[in-house]
Amino acid sequence: MEQANEKEEEERHEEAAGEKESFEESKEKAAEMSRKEKRKAMKKLKRKQVRKEIAAKEREEAKAKLNDPAEQERLKAIEEEDARRREKELKDFEESERAWREAMEIKRKKEEEEEAKREEEERRWKDLEELRKLEASGNDECGEDEDGEYEYIEEGPPEIIFQGNEIILKKNKVRVPKKSVVQVDGHESSNAEFVLQISDRPTSNPLPPGSEASANYQNVSSAQQILESVAQEVPNFGTEQDKAHCPFHLKTGACRFGQRCSRVHFYPNKSCTLLMKNMYNGPGITWEQDEGLEYTDEEAELCYEEFYEDVHTEFLKYGELVNFKVCRNGSFHLKGNVYVHYRSLESAILAYQSINGRYFAGKQVNCEFVNISRWKVAICGEYMKSRLKTCSRGSACNFIHCFRNPGGDYEWADHDRPPPRFWIHKMTSLFGYSDEKHMEHESSGSLNDSISDLSTDSHRQPSRRSRSRDHDHANVGSTPSYRSRKYHGDTQDSTREDKLRRHAENCHDGDDSPSRDGSLEREMYKERRYAKDTLHRDSRWSEHSPGHRVGRKRIHGRYSDDDSADGDDYGRRGTGHKRKPRRGTDSGVQEQMDNEKDRKTHRSSRKHSREGSSADKEEGHEHDRVHTVSDKSHRERSKHRHERSSSRYSHEEDSTESRHHQHKESDKKRSVETSPVGYQSDKDRDRSKQRQRYKSDDPESDQSRKGKRQSEENSDRETHKERRHRHRKRRRTQNSDDQNPKESEEVEEEIERWRPV
């Protein structure tokens, strides 16, 4: 301490001495410098002196702080905090380093395990390759005897190996001794060899079509029995949870994977449903490109109606149908598929034998049996809810998107519902039997009417026209198609007027002309669906390919596109249901109706002639004689026309025509016909008008003239209708004759009164 103080004192003395020297020097300089320079030097010295003082003061304060105990404690605490922070950072670093080392160790172990597995797989693969080479070359160590005693079979599921962009399926094979095969002479030995041959085949789709496995398997049992047995064994059979069986093939009979599907497909040897793949290729199908823009919706619907008329009529020859559907999906496995569901298995087999291998529109038709019995499951539900418009899955939907059949045919089958009553009657008139299960649901009154109708229809003569045209006449109970609504407006207007007129007459006098069964659906399906008298097309069915030239009259005696006098094959082939002969003929019924009409006409004409003068009476007698001659000629013409129409119209048209005739009979009773049915010439027409012109001007004569005009219009309209509706029912005619016995007596009295003396 003393030495330090001495040093400080020495420094002070030196500084003081230095200051004195500098002061003296400054004075000397000041003496030499000017006033301004002196002032600057003084200021500089003062600033320097101030800085020195401040520095000295700071040094003293620092010494004081160092000597202060509180300050020393604060500095010590700061140092300790820094030490703790450095220690914590070091521990964190060591912990993270240890975790990283552990992770790297785990990763290294995994890589080693993968490498070991890869080496093991390569080693096993090499062993298998060596075994295959040894088997192929026959140079196995065990010799020929050992090779003949052992074989390699698959064990467990195959292993999937991913090598770059390749996927390799490796099957584990185990070497086992071969089973001893007992050689037996005959067919059993071939079956045993066949079982050994197919043992190594893939089991994903064991029954592809056309294979020998399918042929042998079909001989064992039917497909329905197999499905029932499998459905009992598998809990979720036919659903998405069932990974063994293809649900789409079970529901629709088609799968987009085809034979490459990993799930089992069932191919029955016989079934009630036939499938013709890609048969329809007309407009209306969903296309991948823009081909669909070339046709409008109306043109597509018209083309499908033509296809439906041709194909549906051909399939209906072989038996009653439950459903007829054509797919309009865009997927290849469903595009243009035609499904035909028969009610009986015999009809389906007959259709298969007749249609398979034939040509339609230049393309060979291939029929398949499919197990489709629930159409509600096969058809897309969302597509049905949208009324056959669209689906959220679009054209790639794996369920059926079907066309709407003309007239709404088979819409009830889409929901697995029974057919309506009118359809049962229609099928009864076609095939001679009815579905008793559906007829039980009818009421007792309608049931009696239907039974009486069936008894009458059962005696109809078989049709002699081609079934392809004859079926359209049987479709009287269906609603008009789009083509008849669009291209045959006149026919539609006339039928609409007749329906309105009959409805008004029924409202005024319902006792004389009641409806047949009073059902709404019968009223909806009263008119013709197809206008066959205005549109005739040739069928596109043929027995040979387009290049084969064959006449169109008869093709192998199986099917003819044109009409023939001998009838079609359906009448010769039959459906197993024979009809009884009729108790009466249509010509006799027609004569009775004409006689009734003549009596009414004579009564009305003589009633008007009684009101005239004697000259008018003579003229009326002359007109009556002319009218009698015209009536005879008219009866002859109607009889001849009936004989021709009996060969043109089928028996199924009679039931519907009788309902039309019922309204015509009521028209004849309510309106007195004062004019004859036909005139011999224009001169007779003028004479009758002149005779009516000179009658008395009383109100009764005016009313009679009005009634005459109305009856003329009704008779003209009925005559126009009778050209197409010539058949009458015997029981309807008998009822009309027996309804009012007093009326016949009045007619006889009028004849006796006005008979010339």
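All positions are counted from 1 along the displayed chain.
Placed from the backbone N, Cα and C atoms, the Cβ positions cover glycine too.
The feature compositional bias 'Basic and acidic residues' is assigned by Swiss-Prot to 13-35 (among others).
Sequence annotations record features per position, and here Swiss-Prot assigns compositional bias 'Basic residues' to 36-50 (among others).
Residues annotated as compositional bias 'Basic and acidic residues' in Swiss-Prot: 51-127 (among others).
Sequence annotations record features per position, and here Swiss-Prot assigns compositional bias 'Polar residues' to 444-455.
Among the features that Swiss-Prot reports, compositional bias 'Basic and acidic residues' is placed at 487-546 (among others).
According to Swiss-Prot, the feature compositional bias 'Basic residues' maps to 547-557 (among others).
Feature annotation from Swiss-Prot assigns compositional bias 'Basic residues' to 600-609 (among others).
Marked as compositional bias 'Basic and acidic residues' by Swiss-Prot: 610-634 (among others).
Look at Swiss-Prot and you will find 644-672 (among others) tagged as compositional bias 'Basic and acidic residues'.
Look at Swiss-Prot and you will find 681-721 (among others) tagged as compositional bias 'Basic and acidic residues'.
If you look up Swiss-Prot, you'll see 722-733 (among others) marked as compositional bias 'Basic residues'.
Secondary structure of the domain 'RRM' (295-372) per DSSP, as helix, strand and coil residue counts: 31 helix, 20 strand, 27 coil. Residues or ranges marked as domain 'RRM' by Swiss-Prot: 295-372.
Broken down with DSSP, the region 'Disordered' (1-127) shows 123 helix, 0 strand, 4 coil. Annotated region 'Disordered' per Swiss-Prot: 1-127 (among others), in sequence order.
Residues or ranges marked as region 'Disordered' by Swiss-Prot: 441-757 (among others).
Annotation comment: Swiss-Prot describes 240-268 (among others) as zinc finger, evidence class sequence analysis. Confidence for the zinc finger (240-268), expressed as mean pLDDT, is 83.
Look at Swiss-Prot and you will find 374-404 (among others) tagged as zinc finger, backed by sequence analysis. Beyond the ends of the zinc finger (374-404), by six or more residues, the same chain brings 248, 251-253, 256, 284, 286, 304, 308, 323, 325-331, 334, 337, 339, 341, 413-416 to within a C-beta distance below 8 angstroms of the stretch.
Note: the zinc finger (240-268) comprises 9 helix, 2 strand, 18 coil (DSSP; helix = H, G, I, strand = E, B).
For the zinc finger (374-404), the number of residues in each DSSP class (helix H, G, I; strand E, B; coil) is 12 helix, 3 strand, 16 coil.
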